[in-house]
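*Asks:* Mind having a look at this structure? Questions to follow.
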Amino acid sequence: MTNLRFGLLGLALIVALWLAGRLVTNEYVFFAGYAVAQYILLATAWNLLGGYAGYVNFGTAAFFALGAYVSVAVNKLFEPPLIVLILVGALASGAVGLAMGYLTLKLRGVFFSIATLALAIVAQAVVTNWEFVGGSSGAYLLRPTAGPWGGSYVEYLFYVMLVMAVGAVVLARCIERSKIGFGLAAIRDDELVGEAYGVPTLRLKLLVTVLSGALMGMAGAPLPFYVAYLDPPSAFNLAYAVNTIAMPLIGGASTWVGPVIGAVLLTAVQETAMVTISSAANLMIVGLLMVLFISLAPNGIMGLLRGVRSRA
Amino acid sequence: MVDPLAVLNAVVAGVLLGGFYAAVALGIAIAFGMLDIPNLAHPAFVVVGAFATWLLNSHFGIDPVLAGFLMAPLFFLLGLALYRLYHICFERRGEASLQGLAFFFGVLFITEVGLVLSAGADYRSVSAPYIGASLSFAGMVLPGRMLVPFVVSIAMIGLLHRFLARSFTGRAILAVSQDQTALRLMGVSPIRIKTLAFGLANATASIAGALLIIVEPVEPSIGRDFIGRAFAVVVLGGMGSFYGMLLASLILGITESLVSDMWNPSWAPAIAFGFLLPTLAFRSGGLLGRKL
């Protein structure tokens, strides 16, 4: 399938979900749908760097929360439309990705990972001391009652997130099948050999780090409106980092399908566990599933499916 | 005007704090600095050690430092098991980098949530005669809760350093960090040596945990505050260098103490990152180590 056709398919999916949404009267569906779309976006963004190039980013929460907090700040100053907040969030997180990448991507991947882990801690310290966006006591936001095209605002947020998620998946698929994607695969398999064959490894790594960071910032920008109250411990929750790593790895990290499958599956499991058991047990399930999958099925569900198909 | 005695006190407090950080970072200096195993879960194991110490102290009245040493053999065995699992699942398959990192991150998460589920999310503390006491010396105050961890930490690092430098096994551990093939040619199995070394690294978590709960009350997620610090210290000190790690710990401790006292304590956790990033970017060999 060409990229254009795939993009049109994504567009058709959005329209279909929008039409289906006309029939929905229960607000909860949009709340849950937003969570799924947000995780598809985050997992796909993580996978650009983690799955394709093999560089593990532990700082999802930092990029995501940065998008959310920049959005709070800009909204407080100018109250621009949501799309502007999303673009500003993308810009801010992309810039942080560029700086981080420039400083650490020349070394082995482990050092980049450790730096991202530390980034999450430092970003939280910065936001906790940033009184303008509420500091440690958090920020309250008034969520508009209605979306710009009728319907509730949560419904509107869901469609915005859906468009971004579908866009990210289409982008990921384009990258995967382009020269960039092959270059990234070379980095993942053997960076030194790739370098020797003329793959511009540093430039490619920087490019996807910026893209991945920007997408995470975009995912965070609508968050303040979704939750209506944002404080540092919840915005920087470790669960974001664990989920965005677990989802691609469980689904299968080397293709665009993996993060989507992982995100849908894990969000569904967590929504159920949240209702039926407790929120702590819920995190335990994610942790255990992740460790089990990477130990026993390193290529995730997609890898298992491929294994079954090749044996049949 | 800054009071020179206040500065001196902050520096002394920083030295004591840095000595304690070195105890937490020691396990990572071995596992990551020497064996190249990015054990992100080490600080979480330190917290497990702290909770075990709390259990022994509050139920049987055992001294916290003694409790830390009593638990160490158990942690050693757990370390052996964890390395075996890591080796079988990742190292042998040659997928150590991406999958291994995610594996340890998952273990960190499971350990933390496991602690919340089994012991609750409350702060725990221990009691010992030296925790409330303090020494005064020429206008400086040395609180026992900082002094004891400092002394124990330095003693532990000194002993371990002696073991690595003098004994056959210790030298084999140093060798495995430099050249596995050469070690194999000497008739020593690198995997066995690495298993042993990882066990040792894990055993230090028990003692560091005891020191942690002496220094401050502990809750399950507190380990996260130490991941950045411990890795920053190991990288800044130079991979594989104990003395570098100790020096970097002291520098970090002093800086954090000065920033907390003179400015704002909420910035303290960010300082480690301020060390880590420039080190990675401009001096990847650290203070006393080999270049990466």
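Every residue number used here counts from 1 along the chain in the order it is shown.
Positions of Cβ are set from backbone N, Cα and C atoms, glycine also.
Copied straight from TrEMBL:
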- B:6-33: transmembrane segment (TRANSMEM)
- B:40-60: transmembrane segment (TRANSMEM)
- B:66-86: transmembrane segment (TRANSMEM)
- B:98-117: transmembrane segment (TRANSMEM)
- B:137-160: transmembrane segment (TRANSMEM)
- B:197-218: transmembrane segment (TRANSMEM)
- B:230-255: transmembrane segment (TRANSMEM)
- B:267-288: transmembrane segment (TRANSMEM)
*Asks:* Do any residues of this chain, six or more beyond the ends of the transmembrane segment (B:230-255), have a C-beta under 8 angstroms from a C-beta of it, and if so which?
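*Replies:* Residues packing against the transmembrane segment (B:230-255) from afar: 10-11, 14-22, 24-26, 28-29, 32-34, 42-43, 154, 157, 160-161, 164, 177, 271-273, 275-276, 279-280, 285-290, 292.
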*Asks:* Before we move on, state whether the transmembrane segment (B:197-218) and the transmembrane segment (B:267-288) share at least 3 Cβ pairs under 8 Å, counting only pairs 6 or more apart in sequence.
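*Replies:* These two segments do not touch.
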*Asks:* Which one, B:6-33, B:40-60, B:66-86, B:267-288, has the most C-beta pairs under 8 Å toward the transmembrane segment (B:137-160)?
*Replies:* B:6-33
*Asks:* Mind checking which residues of the chain, 6+ beyond the ends of the transmembrane segment (B:66-86), have their Cβ under 8 Å from one of its Cβ atoms?
*Replies:* 37, 45, 49, 52-53, 56-57, 100, 103-104, 107, 194-196, 198-211
*Asks:* Which residues of the chain, 6 or more past the ends of the transmembrane segment (B:40-60), have a CB below 8 A from one of its CBs?
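*Replies:* Those are 24, 27-28, 31, 67-68, 70-71, 75, 78, 101, 104-105, 107-108, 111-112, 115, 119, 124-128, 201-202, 205-210, 212-213, 218, 220, 222-227, 230, in sequence order.
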*Asks:* Cβ under 8 Å, sequence separation of at least 6 from the ends of the transmembrane segment (B:6-33): give me the contacting residues as numbers and ranges.
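*Replies:* Same-chain residues near the transmembrane segment (B:6-33) but 6 or more away: 39, 42-43, 45-46, 139-142, 146-147, 149-154, 156-157, 160, 173, 177, 197-198, 200-202, 204-205, 207-208, 211-212, 215, 226, 229-231, 233-234, 237, 239-242, 245-246, 249-258, 260-262, 289.
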